[in-house]
Structures are given as C-alpha cells and as structure tokens.
Amino acid sequence: MEKWRFDSMLFSGVLEYRCGLSKSINSLGDPIENTSVNEDPIINDMDKDIPSGSDSDNSSYSNVDHLVGVRYIRNFLSDDTFLVRDSNRDSYTIYFDIENQIFEIDNHDSFISEPENSFYSYQNSSYLNNVSKNDDPRYDRYVYDTQYSWNNHINSCIGSYLRYQICIDSDILTSSDNYNDNYIYTYICGERVNSNESESSNIRTGADDSDLTTIRESSNDLDVTQKYRHLWVQCENCYGLNYKRFLKSKMNICEHCGCHLKMSSSDRIELLIDPGTWDPMDEDMVSLDPIEFNSEEEPYKDRIDSYQRKTGLTEAVQTGTGKLNGIPVAIGVMDFQFMGGSMGSVVGEKITRLIEYATNQSLPLILVCASGGARMQEGSLSLMQMAKISSALYDYQSNKKLFYIAILTSPTTGGVTASFGMLGDIIIAEPNAYIAFAGKRVIEQTLNKTVPEGSQVAEYLFHKGLFDPIVPRNPLKGVLSELFQLHAFFPLNQNSIK
C-alpha cells in the first residue's frame, strides 16, 4: 500500500484530516494523530490502535479515516494550531503560520523547549539498535539522520506549504472526487514513500537543500511563461493552451474543446480562396482622421499607425476577388485584430466598392463579418457607412438578382449587425459566435435589466430564426461551393473542383 507523507498530513488518495507528523517523535511508525474532525481538532479517542514498527511491511502508516477531501484543504492551511497525540498518549501542540513561515511544536505535558531532544532520544531508541534501518522500508534517513538538521526539515515543510498555496487555484480544488494520487502529490507532498519498494527507488527527500532550490526555481516560472507566451494561444472557452505553429493548420480550432478561436483576415482568405487566385482591391486606402478626433490617451492617427504595424494591414477589412473551388467570387473579410474590426469611412468605402465591382462583373459575394460596430473616432461618417453599404447591396440583390452570403463570426455586433451582416440571401454563423447589436453590459446599464447568459450566442439565436445554418470551419468551403452551384454559379474549369 502506498503512503503519502507530508509532515503533519497523510495522503492516501484523499486528504486525511486526522493526523499530525508522519512519524512519531518517540516511536518508529507511529504517527502523531489527531482524531477530531472539527475546525479546531482535539483529542477524543484515547484507545486508538496505531500500528507499530513490528507490523508487516504491507501495513499502512495511517489507521485513520478519510474525513476531508482535498478541496477543503484551504480551510486549515493558512494559520492553525493542531492538538495531537502520539502512541504514548503524549499531547503536542503543532502550530504553523504560512504567511510568517512559523512552524512550532510544544509538548503539553513536559513543555519540551527543544523538539530536537525528542528526535535525539528517538534515534537512540532500542528499536533502532535492534532493527536494521536499511531493511525497514519505512525508514527515512533524510529526516532522522543527524546530518540533516531539524531546521532544514521545518524549512522544507513550510516551503512545501507555500508551494501548495501558489498552486491552490488549480484543478485540484474542483468538486470532483476522482483525484489522481500523483496529481495530489505533485502539488502538495514534495516527497513520497512506498512501503512495498526498496529504499533506493522509493524515497524522495524534501528536507535537503535541493528542495529549497526547487522552490527558488519555481519562482522563475512566471518569467519563463512571459518569455514563451508568444508560442501559445489560450482558448477563451476552456483556457487550454494551443501551440501556435499547429493552430493554423487546425483552422484555429481549439484542440481541447473544439471552440472556434478568432482568425485573422489573411487566414480566412487562405482558408476560403484557392491558392494563387487572390487579387486584393484598394489596398492603399487609409483613413485621414476626417473629424480630427482628439484623445487624451493616443491620437487617432497614431493609433491607426500602431495597428498597421501590428497587423500588417492598412484597415480593418480586406477586399478582393478570387476563386472558391474554381468559382469566381468577390469577397470581403473583416479583421477584429485591427481596432476591433470597427467600421469607419475606409472600411465602408472598400466594402461598397467591392459590392459595386461584383454587381458590374455579376460575381457572387461573400462578406465575412467580425466587428465591434461603427468606429467612434469618425463620428457620423462611420454611421453613414451602414446606409451606404445597404444601398449598394439593394442594387446588387434586388436589381441585379445576384447572390450574397453573409458569414457571421465572433464577435459581430453594432453597426455591422444592423446593416450588411443581416442582409445576406444566406446568413451563416460560426459555432458559438457572439452575435448582437448592443453588448450585454450596454443593455444592462441602459435598460437596468439582466441579460440572460448565452442569449447572444449563435446556438441560441439559431432557434430564434436569426440566421440560416451554423457551419463549422472544416466544411465551410465545401458548403459555400454547393450553395453557389445551387444558385447557378459554376467553376470556370470543372477540373478545378476539389
């Protein structure tokens, strides 16, 4: 049977509240034991049978019940005093304070001032003289040999507690009872003893200087995380880490939960358009700060320049023509990374020109929406883009009878939702996309009403008839190709169909 040992606590799958030191101060194999389940443990079982060192090797060090799950450890880890008793019924007070790194042991009967005396008498006991230390699988030389001082041992105890406190927000505190022993050991124990294996393979010390070195090294984990954070993308849904190099090949879909993460406009163009067929339009069109918007934090022009350097784009939308499985299409893709995909005068003008070009060339149109709405730095000029784009779409759809598909990604809000985002002949949404006109916080502050959770998510809105299908990214290109062919748009070369 495997025994988890950590000074004043024993671990065997779940945390056991009723224990003091892992080994008795006065006799081998007899743990100082706390037999109470209250917040302030007291001694209430004077006849508790505790296995001695003469028991078989398969016996457990602990003869206690599983009283408190690991998730309740926060209740007694910070600053507590335990009243415990060894097999000789000698009472001890064990006090520890994590914040101040205090660990004290007092004997209630004889008021021993130096705990080292107890260890000295223990090491010279008759048991140690009669029984071979190396033959006893429960003998831990790192704790009881004289060259390892009591101070180092206590420092190890406090260090392990502190290391646990740092990791206390991990999954170990969830409501699940299916705890993995190794997982608990990793975060709490710092050392392990297995009574069925030899000493050379089963004893791991936490009492020497290497444990303190490990603690110091762990303090640099945050710096290491910051150094390599650019290599990983964290999922917004499950908070799992996805390796950035592989994420693009997986269409920016989380490998842990399948959540559709945000994609750049360039990645979406690469996903939908056949290689070598992309022809961009109006790439040199940039905003000139038409209303001379003043900001205390950063001038509008400087902010535009910073996003241009950051994304490599000139504005929050890319427009152009290309082929989708051999079918010529006009496509505009908004990029949320550029000022939240906000729609200003340049964005509206580029989309309007794209629609007019598709009208003249009789091309099917795709607009991929990812926007926070109208750009406030351009005032009413940004608001008028809603009407301008809608007017161009009216001519495209009603007069020319051409086919327009709107793809709503996360997030699609504000003026984009109120204009061309909802004007498609077919409106497609990505799974779990956030789609709304006004955000949850704006609605709650304006109407003083609570917005239900999930009421602005694609799956909920689908049942309300807000759009047509919800299509994941994997089959999206094939779905678009079938829709175009259904509406009499065919590839120029039949052999180019993939």
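From the backbone N, Cα and C atoms, a Cβ is placed for every residue, glycine too.
Taking Swiss-Prot as the reference, the stretch among 5-27, 235-257, 396-418 described by the feature zinc finger is residues 235-257.
Matching 36-59, 300-323 against Swiss-Prot, the residues noted as region 'Disordered' span 36-59.
Mapped onto three states, the DSSP output places CYS235 (Zn(2+) binding site) in coil. Comparing local CB density within 10 A for the binding-site residues CYS235, CYS238, CYS254, CYS257, the maximum falls on CYS254.
Secondary structure from DSSP puts CYS254 (Zn(2+) binding site) in coil. Summed and averaged per residue, pLDDT over the domain 'CoA carboxyltransferase N-terminal' (231-498) gives 92. Taking the mean position of the Cβ atoms of CYS235, CYS238, CYS254, CYS257 as the Zn(2+) site, the remaining same-chain residues with a Cβ inside 8 Å of that point are GLU236, ASN237, TYR239, GLY240, ASN242, GLU255, HIS256, GLY258, CYS259.
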